[in-house]
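Taking it in order: structure first as structure tokens, then the write-up.
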Amino acid sequence: MAMRKLLLPLLAANGASLAVASEVMSTEAIAAELRSLKEEVAAMGQKVSPAQDQLSTLLREERKLQAVTFVTQAAFDTEVNSFNGALDSAWLILCGALVMIMHAGFAMLETGCCRAKNAQNVLMKNLVNVCVGTMGWYFFGWAVAMGGPMNDKGYLENHFIGTKGFAGSNFLTQPTLGQVDALNGANTSPMLLWFFQWAFCTAGATIVSGGVAERVKSPSYALFAFVMASFIYPVVVAWTWGYGWLSEVFDVGYMDFAGSGIVHLTGGVSALAGTIVLGPRKGRFDPDRAEEFEAHSLPLVVLGTFILWFGWYGFNPGSTLGMHTAETGAKAAQIAMNTTLAAATGGITVFAFRYLLTKKYDVGGLCNGILAGLVSITAGCSNMECGSAFATGLIGAFVYQGASMLLVRLKIDDPVDASPVHMFCGIWGCLATVLFDWGKGFDHFNGWSGFSCMAGDDGACLTGIGGKAIAANVVMIIVICLWAGSLSGATFFALRMTGALRIDDDTEHVGLDHKQHSPSKAYSID
């Protein structure tokens, strides 16, 4: 208002002289108005100054909050990464321990299937297999299988075998004196995967033990177990789980989630090679001595089967290699359900079929049928729905039964049916995983992607790759049979030529326990 009173006379006198304006408003009035204006401006300044101070304070606090938020988010991400690593470590150690306990199952099953006079030797052979296999895996096997180095695409650089990590080298680093880094920048230790894959390696070697039972010399078998764990099995792993050349074949790669081919086919074909080179046990195919070669302890056979089935929940669900997301948990649950269905279906199918043939209950057949279903589902447990798992176990039962009858007809003596269960059902499992893949028809393929389709760089589902996936797994089956079969056969044949492979006739007659062990028998029952 004061400004308005000041300006109006001036505007009214637009163009007039200062004298005329002075007549309208005296100098004293102008001075009074100016003083009043100054006072109003000063009062407004007193009100604005605290607001400016408050705004400045708020801006400073906002900058501090942004800095704190950045630091807090980084710390939170670090804690989440650490927590995820702890979950994955706990999961794999637990599952690896479950796979390791399968050795007890193999030992019980093999011992029960063989004759009582060799029971102690079979038990010893299983223990030695784990110990010697561990040495082979430590010194050579891990490096050959998983040691790398990898190329810029994440595949094995030379596509054939790893060349780093022998005898556990580079597992730990020492950045400063007195400090050890066990993680090397990751959220889990490399020892974690070493342990989990070790359990698979020694399990694969143990499969061979059953095929050559009751007539192989123990030191010779220990030597073979070392070769198996050091080189034969690790090379197969390098080609596959180690991201070797089979991971890229036909631009789709193989599919074997938990090892129908990598573990079971490798062990099964090696067992077949060993039993062929060794020859049958004396009198095995003499009709008058048939009862002599029946399982001496069905309780041990059943106990071993249950332990193996239990351990398979580490074998298959554990192959997720982690457990820190809801999706991974759902996949593990799917795998566990598929594993259970295939095992039960395989067991009851063989059991019913043998009853139709003999009109008698065959508990041993039921046990091997369960194992046949488990081996059959191992490759495809993560990429097929439950109805397909049922079909996989059903067909696997007939594959096992047919293979078992074929070996008898060919007079190939496999005391525990290791090759029918692991080799023939392993082949079927590798085929089932691509035939029953839950991708839409044969045009799409899920494979390693699990619940999702296999996608290209643009994120769209790849089409027309179902046939390539089948071809890739056929190639895997062929090369595993050729590699493991030929090298195992050559190892056993070399031992045979030196006379170091098979026990003498007298030892075979009286039993290995009596001739070579103390005490001289596994049982002391009056």
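Positions of Cβ are set from backbone N, Cα and C atoms, glycine also.
Noted in TrEMBL for the protein shown:
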- 90-518: domain 'Ammonium transporter AmtB-like' (DOMAIN)
- 1-21: signal peptide (SIGNAL)
- 90-114: transmembrane segment (TRANSMEM)
- 126-145: transmembrane segment (TRANSMEM)
- 191-213: transmembrane segment (TRANSMEM)
- 220-241: transmembrane segment (TRANSMEM)
- 261-278: transmembrane segment (TRANSMEM)
- 298-315: transmembrane segment (TRANSMEM)
- 335-356: transmembrane segment (TRANSMEM)
- 363-382: transmembrane segment (TRANSMEM)
- 388-408: transmembrane segment (TRANSMEM)
- 420-439: transmembrane segment (TRANSMEM)
- 470-495: transmembrane segment (TRANSMEM)
For the transmembrane segment (90-114), could you work out the same-chain residues 6 or more beyond its ends whose Cβ comes under 8 Å from its Cβ atoms?
122-123, 126-127, 129-130, 188, 192-193, 195-196, 198-200, 202-203, 206-207, 209-210, 213-214, 295-315, 317-318, 320-323, 364, 367, 415-416, 522
Under 8 angstroms for C-beta pairs, at least 3 of them, ignoring pairs fewer than 6 apart in sequence. Is the transmembrane segment (220-241) in contact with the transmembrane segment (470-495) by that rule?
yes
Hey, would you say the transmembrane segment (261-278) packs against the transmembrane segment (298-315), going by three or more CB pairs under 8 A that are 6+ residues apart?
no
Long-range environment of the transmembrane segment (470-495) - Cβ separation under 8 angstroms, sequence gap at least 6:
208, 212, 220, 223-224, 227-228, 231-233, 235-236, 239-240, 246, 249-250, 252-256, 261-262, 265-266, 269-270, 272-274, 276-278, 427, 430-431, 433-435, 501
Model confidence over the domain 'Ammonium transporter AmtB-like' (90-518), averaged pLDDT:
94
Look at every Cβ pair spanning the transmembrane segment (363-382) and the transmembrane segment (298-315), keep those 6 or more apart in sequence, and say whether at least 3 of them are under 8 Å.
yes
Restricting to the same chain and to residues at least six past its boundaries, which positions have a Cβ under 8 Å from a Cβ of the transmembrane segment (126-145)?
103, 106-107, 110, 161-168, 194, 197-198, 201-202, 205-206, 209, 218, 221-222, 225-231, 233-235, 237-238, 241-242
